[in-house]
Amino acid sequence: MSPAGEHGTAAPIEILPVAGLPEFRPGDDLGAAVAKAAPWLRDGDVVVVTSKAVSKCEGRLVPAPADPEERDRLRRKLVDEEAVRVLARKGRTLITENRHGLVQAAAGVDGSNVGRDELALLPLDPDASAAALRARLRELLGVEVAVLVTDTMGRAWRNGQTDAAVGAAGLAVLHGYSGAVDQHGNELLVTEVAIADEIAAAADLVKGKLTAMPVAVVRGLSVTDDGSTARQLLRPGTEDLFWLGTAEAIELGRRQAQLLRRSVRRFSAEPVPAELVREAVAEALTAPAPHHTRPVRFVWLQTPAVRTRLLDAMKDKWRADLAGDGRPAESIERRVARGQILYDAPEVVIPMLVPDGAHSYPDAARTDAEHTMFTVAVGAAVQALLVGLAVRGLGSCWIGSTIFAADLVRAVLGLPADWEPLGAIAIGYAAEPAGPRDPADPGDLLIRK
């Protein structure tokens, strides 16, 4: 990246076509052909050449069948071979990333401006191709020029294509204005100009697509060679805001939703927006339930004094129960300390089984089965709530403690006698955020009959 200063020029620039070039074939000397057609090149010029011309000279042509369907089948096979990942699909068009990090349609595989019995691939190393052409022109003409290898690309949010640099040598491909101040005194914090792409687009105005003019020269710019290449123009997928197409991003979100749920035991102090909890609860209430009922209620402990009173009472009961088991005091305190998460979490919600709509049976077996069915339904709603929180960036941890103190929970919270607490859910932003977990191997946990 070039240092701060103006990347443009107030003086006129020229964009000159290089006429008289042959139809290039594998093995041709591109540098010699350009030197012969443009002996007028001089120091500081920028030679802009289409990647197609470079590919032809470097033998990056693949024989293709004349039949349109077979040709298209081969093209798709080549796209698969050249691409390292697919970012987006629309109809039969694939937007891909190739091994160099270039993101464009069809991995640069192209059937234009080549024979109908051929398909062209991008150069293996466009930056190396640019450096080689620059060195060859220096050898033949004794001039110091910059070289850009270009290809046609679409642009996010805008119709139409433009040429962009895929290979570069001899010029600063980027110009950063960070720290510079404009004429109004405003500091330019993030402005960074893709000089190489601007030059590539300008040169295409004389190269065109149907003129058989694969090389142009841009003259009049102040070119600085900082050793950068076109690779510096590529933003890695991990840093790019648009590294997937819309449909693909939605699909990834669907596939990762379950995997985002983790048991988070340490939360940051950041407050939890109430609307996020309400939204997650609303989604959780769509979980499957028997008899078209709503067998779950979520009790949100929003009043700090109420939460503390409940947790203190549960702690006292837990201590008494453990002491009754004959456990030593040190062991009791370790076990009781595990419940501290419910004091520390920004929010706590208690899921309740509510038997409204449950069927009555004269025998214990079916009555127990009905209760089990309602319990499973509440469990489904709890899992749905945890996932709903996770997809909103909230961590959670389900803790079963209230199950062991059902009467106490009902008494402290003033709830009906037939409401059954099924644990407690601590909610907050994770102190140490983590990504989606890996799926488990079903192994012998998935039984086939």
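Note that Cβ sites are derived from N, Cα and C of the backbone, with glycine treated the same way.
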Query raised in the report: Arg261, Arg262, Ser263, Val264, Arg265, Ala289, Gly400 bind FMN in Swiss-Prot, but which of Arg327, Arg366, Arg437 does that record place at the same site?
Result: Arg437
Report summary line: Across the binding-site residues (Lys56, Arg261), the Cβ with the fewest other Cβ atoms inside 10 Å is that of Arg261
Report task. Give me the mean pLDDT over the region 'Dehydro-coenzyme F420-0 reductase' (246-449), rounded to a whole number. Result -> 96
Query raised in the report: Just the number: how many Å between the Cα atoms of Asp110 (divalent metal cation 1 binding site) and Thr152 (divalent metal cation 2 binding site)?
Result: 10
Query raised in the report: How big is the gap, in Å, between the Cα of Ala289 (FMN binding site) and that of Ser51 (GTP binding site), rounded to a whole number?
Result: 61
Query raised in the report: Which one is it: of the binding-site residues Pro22, Glu23, Lys56, Asp321, whose Cα lies the shortest distance from the Cα of Arg262 (FMN binding site)?
Result: Asp321
Query raised in the report: How many whole Å apart are the CA atoms of Arg265 (FMN binding site) and Asp321 (coenzyme F420-(gamma-Glu)n binding site)?
Result: 24
Report task. Tell me the Cβ neighbour count for Ala289 (FMN binding site), meaning other Cβ atoms within 10 Å of its Cβ, over all protein chains shown. Result -> 19
